[in-house]
Amino acid sequence: MRNSLYKKNIISISDLNQNELELVLKKSAFLKVKAQPNLLKNKIIASCFFEASTRTRLSFETAVHRLGASIIGFSDGSNISLGKKGETLSDTISVISSYVDAIIIRHPQEGSARLAAQFSNGVPIFNAGDGANQHPTQTLLDLFTIKETQNKLNNLNIAMVGDLKYGRTVHSLTQALAKYKNNQFFFVSPDSLTMPNYINDMLYKKEIHWKRYKNIEEIISEIDILYMTRVQKERLDSTEYASAKSKFVLQTSTLKNARNNLKILHPLPRIDEIDNNVDFTPYAWYFKQAANGIYARQAILSLVLIEKHFE
């Protein structure tokens with residue numbers, strides 16, 4: 001399969017076609033069973049996190065190390081010139097791009113990753129989350145996990161629960177799964193946190209079935225994937241947060257009518273939207289999902305930075 005991802009910016013999952021998604025998934029599966037410790041030897045990658053992160057940052061950095069590359073960067077944007085001296089993001093990226101072979105960026109501003117790509121002088125940009133907009137590498141690991149557990153990415157019933165308005169992971173995942181045939185979407189959220197119109201409009205245009213629901217119980221017997229999200233305190237005012245956070249909590253009792261193949265996913269961190277007892281059910285898959293992030297990020301890093309792959 002031709003590697004059309006070589007030197008490509010990974011900004012939005014919508015920028016990748018279905019063949020490119022399949023290429024990443026194939027490479028992820030390969031790297032999960034066969035280590036490639038020298039694949040990116042002598043490459044230097046910048047990890048630029050202007051917004052707090054645990055799993056995404058450490059997963060990316062682990063992926064970089066396991067491929068044999070070196071990593072530089074920061075995990076707190078307030079301690080660099082952009083934060084302390086007022087340097088623009090474009091200037092920061094222009095300078096960093098002269099040091100490295102790729103830049104991983106997380107930034108609270110929507111559109112920041114695409115802006116960074118305009119000033120990176122051809123150095124590939126990997127979007128690790130830009131505000132409430134996109135989180136493409138999370139989507140790649142989500143797709144990898146879904147395919148591992150369901151053996152397909154089509155003909156699935158997918159429920160997304162919680163903060164669908166600000167949750168960038170559900171935006172990206174819906175766009176990706178919309179590329180595959182006969183998927184149906186069940187959106188469960190408070191009225192104030194429904195899926196953005198641009199996602200709903202995209203599904204309408206593709207003639208993909210979707211519907212809003214008020215609770216998980218009414219759909220649990222119909223779904224293959226239950227994608228839970230936390231209500232994001234950092235993106236809501238205190239009144240809205242208090243109203244929404246406790247409305248959508250998954251208990252083991254909710255799962256009594258679940259399909260045998262159901263898998264529960266979550267981008268993490270979990271707060272209180274999944275009861276701890278759910279962890280011990282055969283449906284809980286969120287920690288395995290998080291572990292898959294290393295392989296998916298290894299895959300996309302290697303495909304963007306190395307043109308030819310032999311396996």
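Cβ from N, Cα, C; glycine included.
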> Of the candidates Arg66, Arg106, Arg114, which does Swiss-Prot annotate as part of the carbamoyl phosphate site that also includes Arg55, Thr56, His135, Gln138, Leu268, Pro269?
Replying inline: Arg106
> Within 10 Å of Arg230 (L-aspartate binding site) (Cα-Cα), which of the binding-site residues His135, Leu268, Pro269?
Replying inline: Leu268, Pro269
> What other residues of the same chain, not counting Arg55, Thr56, Arg106, His135, Gln138, Leu268, Pro269, have a CB atom within 8 A of the CB centroid of the carbamoyl phosphate site?
Replying inline: Ser53, Thr54, Ser59, Ala128, Gly129, Thr169, Pro267, Gly293
>> Can you give me the Cα-Cα distance between Gln138 (carbamoyl phosphate binding site) and Arg168 (L-aspartate binding site) in Å, rounded to a whole number?
In response: 9
> To the nearest whole angstrom, what is the C-alpha distance linking Thr56 (carbamoyl phosphate binding site) and Arg168 (L-aspartate binding site)?
Replying inline: 13
>> Need the DSSP three-state call for Arg106 (carbamoyl phosphate binding site) to compare against my parser.
In response: strand
